[in-house]
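Structure, as structure tokens:
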Amino acid sequence: EPCIPKWKSCVNRHGDCCAGLECWKRRKSFEVCVPKV
């Protein structure tokens, strides 16, 4: 499976974000891969 790019949904695939990204639950929204801070 290819990794999930930035701003794309990672629901049910929390460990699949591309390098440097992490799955984050946005307020009142869905989970997306975002850059780690």
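Sequential numbering from 1, following the chain as shown.
Cβ atoms are placed via backbone N, Cα and C, with glycine included.
Marked as disulfide bond by Swiss-Prot: Cys3-Cys18 (among others). Reduced to three states, the DSSP call for Cys3 (disulfide bond) is coil. For Cys3 (disulfide bond), the same-chain residues 6+ apart in sequence whose C-beta sits under 8 angstroms from its C-beta are Asp16, Cys17, Cys18, Ala19, Leu21.
According to its DSSP assignment, Cys23 (disulfide bond) is in a strand. On its own chain, Cys23 (disulfide bond) has Cys10, Arg13, His14, Gly15, Cys17, Glu31, Val32, Cys33 as residues at least 6 apart in sequence with a Cβ closer than 8 Å to its own Cβ. Residues annotated as disulfide bond in Swiss-Prot, with similarity to another entry given as evidence: Cys10-Cys23 (among others).
Per Swiss-Prot, the feature disulfide bond maps to Cys17-Cys33 (among others).
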